[in-house]
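Enquirer: Below is a structure I'd like to ask you about.
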C-alpha cells in the first residue's frame, strides 16, 4: 500500500521547472513580463527590484559555466538550449540527481551573485553587512571589524522569497525535492565564507588586526556540490507526504546537507528527445582514460573516430624583468578522438 501511494504521488505530481533561470538568457535587459512561468510573487519582486534581477542574470551565466565545468567529462555535460525558457530542456523534467545538482548550483549562484552585488554597491536595498561593526575575536585574539564584509544574510534572504516562491505555492513531491536541494545550494555558499584580515603595527607585527567576512571563489562551492552529487541519496516521499524516506533501506537517511532525487537518470548515451538527452555522438573523449571522460565510457561502447589536427600553442615561455612573460608560438599535431554516432536503428528506437 505504501509503495502504491508513493508511485501514484510521483506519477501525478506536476513537474516544476525553474523559469527564473531564463533571466540569464535575457541578460541585463530583464523584462519581467517576458519571463514565462513566473508566479505572481516572483513577477512582483522582479518588477520591484530590477537591479537585483540584473545581478541574478549575471550570476546565471556564472553558475551555468560552473555546472559545465563540473560535468565537462560526463556524458551529461550541463548543455543549455538556445531560446528555451527551461534553459536545459526536458532533462529537468525528470527528478534525477542531475536535476538535484542544477537546482543546488543555480541557487548557490543566485546567493553568490546577490551577495557580491551588495558588497560592490550595485544594489539599492543592501550593501556591506551592517552587523560586522566594532570589535570581535577569534582563536588568534581580538580584532576590529573593518572593510566591507559580504552581506551573506541578504544574499540568502532574497532568493528564499524569489526563487522558492513557486515551490512553496505548489507543495507537491517535486517541489519538496527542489526546496531541499535549494537549501543545500545556499548553505554551500555560506559554508565557504572566510575571515580575511589585514595586520597593522610596526613592520607588520599584527598587534592590531582589521578583519572582514568574504565569500570564497565560486569554484569551491561548485566542487563541494559536485561531491554532494556523487553521494546524492535516492528518496521517496514518506507516507504523510511531509518529508522523505530513503528509497534503499541499505543506505543512510538523507540529511539537510545531502542532495536528494526521486528517479534514476537516463544513460545519456543517445539522443532521446523525451528524456532530454543530447547523446554523446561527436563528444571529445580521452583514449587512455578509464574515467567518465574515457572513450569507452563516454562513447557507450560505440567506438570513436580519430582525427589528426594541428594547433598553435604557446611554448618556450620566459620571464623578462620586469614584469612580463614572453612566449613563442609553436605548431603541435595531436590526435583528437570523438565518439561515433549510434547505428541508425539504435537511434530511431530512442526518438
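The backbone N, Cα and C atoms fix where each Cβ goes, glycine too.
These numbers come from a predicted model, not from an experiment.
What Swiss-Prot records for 1-16 is signal peptide, and it gives sequence analysis as the kind of evidence. Annotation comment: Swiss-Prot describes 67-78, 118-126, 128-148, 197-211, 199-206, 269-300, 285-295, 299-339, 315-330, 317-327, 322-323 as disulfide bond. Among the features that Swiss-Prot reports, N-linked glycosylation site is placed at 77, with the record citing sequence analysis. Sequence annotations record features per position, and here Swiss-Prot assigns O-palmitoleoyl serine to 203.
For each listed feature, how buried is it and what is near it?
Expert: Reduced to three states, the DSSP call for residue 78 (disulfide bond) is coil. Residue 78 (disulfide bond): 22 other CB atoms within 10 A of its CB, across all protein chains.
Neighbour list (residue 77 (N-linked glycosylation site), Cβ cut-off 8 Å, at least 6 residues apart, same chain): 68, 71, 283.
In the shown protein chains, 25 other C-beta atoms lie within 10 A of the C-beta of residue 118 (disulfide bond).
For residue 148 (disulfide bond), applying a Cβ distance below 8 Å and a minimum sequence separation of six or more within one chain yields 119, 127, 128, 212. DSSP classifies residue 148 (disulfide bond) as coil under the three-state reduction.
In sequence order, 136, 138, 143, 144, 145, 146, 147, 195, 196, 197, 198 constitute the residues six or more apart from residue 211 (disulfide bond) in its chain with CB-CB distances below 8 Å.
Applying an 8 A CB threshold to same-chain residues 6+ apart, the list for residue 206 (disulfide bond) reads 199, 200.
Sequence-distant neighbours of residue 203 (O-palmitoleoyl serine) (same chain, six or more apart, CB under 8 Å from its CB) are absent.
Around the Cβ of residue 269 (disulfide bond), the number of neighbouring Cβ atoms within 10 Å comes to 20.
Within 10 Å of the C-beta of residue 285 (disulfide bond) we count 20 further C-beta atoms, all protein chains included. Mapped onto three states, the DSSP output places residue 285 (disulfide bond) in strand.
DSSP assigns residue 299 (disulfide bond) to coil in the three-state reduction, outside any helix or strand. Annotation for residue 299 (disulfide bond): same-chain Cβ neighbours under 8 Å, separated by at least 6 residues, are 280, 283, 285, 339, 340.
DSSP gives residue 315 (disulfide bond) a strand state.
Around residue 327 (disulfide bond), the same-chain residues six or more apart in sequence whose CB sits under 8 Å from its CB are 314, 315, 316, 317, 318, listed in sequence order. The secondary structure of residue 327 (disulfide bond), as reduced to three states from DSSP, is extended strand.
According to DSSP, residue 322 (disulfide bond) is assigned to coil rather than to any helix or strand. A simple way to gauge crowding: the CB of residue 322 (disulfide bond) has 5 other CB atoms within 10 angstroms, across all the protein chains here.
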Enquirer: Between 197, 317, which of the disulfide-bonded residues has the fewest other CB atoms within 10 angstroms in the structure shown?
Expert: 317
Enquirer: Select the closest residue to residue 118 (disulfide bond) from the following disulfide-bonded residues, measuring between CA atoms: 67, 269, 295, 330.
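Expert: When the Cα distances are compared, 67 comes out closest.
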Enquirer: Please list, in sequence order, the residues in the chain of residue 126 (disulfide bond) that are at least six apart in sequence and whose C-beta is under 8 Å away from its C-beta.
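Expert: In sequence order, the residues whose Cβ lies under 8 Å from that of residue 126 (disulfide bond) (at least 6 apart) are 118, 151, 154.
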Enquirer: Nearest to residue 295 (disulfide bond) by Cα, among 67, 78, 322, 323 (disulfide-bonded residues)?
Expert: 78
Enquirer: Under DSSP, is residue 118 (disulfide bond) helix, strand or coil?
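Expert: For residue 118 (disulfide bond) - judged by DSSP and reduced to three states - the answer is helix.
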Enquirer: Measuring CB to CB from residue 300 (disulfide bond), give everything in the same chain under 8 Å that is also at least six residues away in sequence.
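Expert: For residue 300 (disulfide bond), the qualifying residues are 75, 267, 269, 270, 280, 339.
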